[in-house]
Amino acid sequence: MSEITLGKYLFERLSQVNCNTVFGLPGDFNLSLLDKLYEVKGMRWAGNANELNAAYAADGYARIKGMSCIITTFGVGELSALNGIAGSYAEHVGVLHVVGVPSISSQAKQLLLHHTLGNGDFTVFHRMSANISETTAMITDIANAPAEIDRCIRTTYTTQRPVYLGLPANLVDLNVPAKLLETPIDLSLKPNDAEAEAEVVRTVVELIKDAKNPVILADACASRHDVKAETKKLMDLTQFPVYVTPMGKGAIDEQHPRYGGVYVGTLSRPEVKKAVESADLILSIGALLSDFNTGSFSYSYKTKNIVEFHSDHIKIRNATFPGVQMKFALQKLLDAIPEVVKDYKPVAVPARVPITKSTPANTPMKQEWMWNHLGNFLREGDIVIAETGTSAFGINQTTFPTDVYAIVQVLWGSIGFTVGALLGATMAAEELDPKKRVILFIGDGSLQLTVQEISTMIRWGLKPYIFVLNNNGYTIEKLIHGPHAEYNEIQGWDHLALLPTFGARNYETHRVATTGEWEKLTQDKDFQDNSKIRMIEVMLPVFDAPQNLVKQAQLTAATNAKQ
């Protein structure tokens, strides 16, 4: 019988689910495992600068390709990744965290090994990860190891949550039957309970029949749990007005004639706020009702006719249907409503915000102007990444072309996340279409947390756009508290020296301080082509911020001060 090592089995399985790049760092408990990656055609080891950045990169990759894998070493390595893994858990991103752990015999003898706490407890780090993992596995028996690997990959993909997999150093070189690879991992969702699903569909159909002014509200999990196609069909079939939340940016086509804008509670444009809150039926798809996603919980629906479609349950008014998955329920709903909506008379959606006329070329750059004009630079198929802070709020003012995907960590909000996410997303984009552009907007403060990963981009010849918004410090924190506090200040960097410092040869750097310089640069044909890595420093006033961020900061400060 043909056999392969357990380590090679893992990478063959990852290759089969199109997870072709693995992130992480080498450590003595995973070195033998990493040897096996190079035995599998088409697999790539990213080789990150540190484990936290690797976790961020795995998150960015998974958002584009459906799942990812990070490999760390026991203790010191895995713990360094946990902030990033927690963010993936919070934001519904499927990351398989493989940890190389000491051999089974070392654990049994409770040896006082390096990277331990010195107390003989080899399960403590596994237990730490359990609360931010959908499931965990610590392989102890080669006989069931392939099945456990398959289970972990399946769970990562189908639940869109991180999964922890511990692989002892002595097991990865042991053999397992190669024939197991002939049976693909089943990545399909289990069907809904037919009776519960039918009741959901019947109830929603009746609500739609009675509605005169329904709206669709697309949120984060419309993207994360793969119902973008179903959401588009629902838009096309019903012609209901459609809105997105900040976390829902990119979930629908913003060029669709029924698209009405971004709903953020009291932070919404007045006409958007009125349209959503006056609806008599709200079909909410994939909601994550966090503070920054809802304008500090300021939703003010006038109707109680709210249907929440989630990945693992559906809520209709006050009734919850556990275990009913939205993907199948939406498909059944689409089959059931053509007759119901045929006489629906479409309600007008709010008019698009017109882009202001050109300003004098020497006008200093401001956030409001930049975000409103950014759509002119974007093109179909772009991946846009916006860092926590001014970028995460400003991007809500930008109307996207068709098929633009957005990565914004609105819920977890770990500053510096997007540098690693840019690496992962760019590697994923390169595997899908080398011409696909990946564009990052990040503040000067956030960049300082994770800047090392730019060197990994250069190492792999990646060609992203990195827009550094230089407003001299942590602007979002200044707006919330301590506008002149020393702790919100940073050391200024020579940003345009970073690419050559990290060893770049084929690169461009630009500094933009006026609207004329912005327009000249972004309209340049060569600049529009992702032929090289680029860093663009955008010079902005110290306290300049999108108006929504100013308002959100006031709400957050008030929340923090409540007794």
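Our numbering is plain: 1 for the first residue shown, then up by one each step along the chain.
Note: Cβ is positioned from N, Cα and C throughout, glycine not excepted.
Sequence annotations record features per position, and here Swiss-Prot assigns pyruvate 1 binding site to ASP28, HIS115, GLU477 based on similarity to another entry. Neighbour list (ASP28 (pyruvate 1 binding site), Cβ cut-off 8 Å, at least 6 residues apart, same chain): THR73, ALA169.
Feature annotation from Swiss-Prot assigns pyruvate 2 binding site to TYR157, ARG224; the stated evidence is similarity to another entry. Residues near ARG224 (pyruvate 2 binding site) in space but far in sequence (CB under 8 A, at least 6 apart, same chain), listed by position: ARG63, GLU91, HIS92, VAL93, GLN160, GLY286, SER311.
Counting only same-chain residues six or more apart in sequence, the Cβ atoms lying under 8 angstroms from the Cβ of SER414 (thiamine diphosphate binding site) belong to TYR56, ASN83, GLY84, GLY87, THR388. Taken from Swiss-Prot, the feature thiamine diphosphate binding site covers THR390, GLY413, SER414, ILE415, GLY445, SER446, ASN471, ASN472, GLY473, TYR474, THR475, ILE476.
The Mg(2+) binding site annotation in Swiss-Prot covers ASP444, ASN471, GLY473. Under DSSP, ASP444 (Mg(2+) binding site) is assigned to a helix (H, G or I) in the three-state scheme.
Cα of GLU477 (pyruvate 1 binding site) to Cα of THR390 (thiamine diphosphate binding site): a span of 10 Å.
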